[in-house]
Amino acid sequence: MDHFLYRNGVLHAEDVPVTEIAAAVGTPFYLYSTATLLRHFALFDEALAGTDHLVCYAMKAASNQAILRTLAQAGAGMDVVSMGEYLRARAAGVPGERIVFSGVGKTGDEIRTALQGGIRQFNVESEPEMEVLNAVALSLGKVAPITIRVNPDVDAKTHTKIATGKSENKFGIPIARARAVYAMAGAMRGLDVIGIDVHIGSQLTDLAPFEAAYTKVAELTEQLRADGHDIRRLDLGGGLGIPYERSNSAPPLPLDYGALIKRTLAHLGCEIEIEPGRLIAGNAGIMVSKVIYLKSGEGRDFLIIDGAMNDLIRPAMYDAHHDIVPVIEPAAGTEQQPYDIVGPVCESGDTFARQRDMPPLAAGDLIAFRGAGAYGAVMASEYNTRPLIPEVLVNGDQFAVIRPRPTFDEMINRDTIPEWL
Ligand code: LLP
């Protein structure tokens, strides 16, 4: 459930008409709902009630500091994957002891910054990374808390570009080699081996792959304990999918996911961490855009809108479906007609939907892309020298621009032209 609903014939974000925000900030823009973010966070938190746990929001999904602070104030930790994310989380007020550092390619600099600034744990992904982490920790006179990410060789049954738990993926250490790698880690004085990490992929719509992976993690926990490691924390990654198409059946709920976690792992008495990103932010955000032209093609009508693939890349990159709705609610019984909904960028890939049934639309009409809160703004670029679009946060009857649209001067003046030109 989200808080983008029609009221009096106009799409609202909580108590604010989307038309009012569009008039104030111009289109296109991203719009997030505080109540939805908090509700989704609470669903995970409640699903794990009764177990020692921390929900570490995977901030790669939507990393505006206003979003981070909203979630951190509700008790969330953060999962970060780069120096930039670490510094951004800290700037938003998240304490180091609630930040976990994931990612396959952490550099020595990133590790040093996090160790000095404070960190809950590093999720180590390879032996060479382990050696760098150990060396940096020793050079600082610190001991780095680590889990090791294992690759359980489980098929997440999701889009290949976002599946991470098969042995051919670049992520984690093959689970078959885990005991040997834990033994290496245990012998390093700069490391404190506290747990196991696993993340098998994103947009999972079935719990079975989670169950397969977590069952393997439970077995490994017992083996590692027998080997003498004090395994006390399990980081289970993120990945629970969201309903992108309202007409489709809904993916499992956080409550079911929490029950699965308890069923497979609670007997071990470990602290549980999860790293959801998409389910917290996805349906808490929409992208609002305006129709520039209605163009009649050969046997089809194109809606050319002011949002483009550089603003929301998911359809071009993953053939992802986003529900698209008019901001002004169509009258009951309005006949739908098919449109190709496209942006102004000079590529055929700049297509959001083909032959999508919509009520009749005309130049100037506003439309909203649902499910755009996660992996939307964060994956935007300035391709075609199009400014990054603003982000707006609603809370009840108030809204605030949480990232303004840059001016063309700001964009253009970032280039420097060498003296010889
Ligand atoms: N933890 C780790 C280690 C991850 O790599 C990810 C996502 C998450 C947590 C959060 O997963 P989530 O709960 O959001 O599924 N850009 C793609 C999604 C990439 C996901 C990358 N890793 C998309 O737009 O679908």
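The backbone N, Cα and C atoms fix where each Cβ goes, glycine too.
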Among Tyr86, Tyr375, Tyr383, TrEMBL assigns to the pyridoxal 5'-phosphate site of Gly239, Glu275, Pro276, Gly277, Arg278 just Tyr375
Among Arg278, Arg314, Tyr318, Glu347, Tyr375, the record's substrate-binding residues, the widest C-alpha separation in angstrom comes to 27
Can you tell me the CA-to-CA distance separating Cys346 (active site, proton donor) and Pro276 (pyridoxal 5'-phosphate binding site), as a whole number of Å?
35
Sort the binding-site residues Gly239, Arg278, Tyr375 by C-alpha distance from Tyr318 (substrate binding site) and give me just the closest.
Tyr375
What kind of secondary structure is Glu275 (pyridoxal 5'-phosphate binding site) part of, going by DSSP in three states?
coil
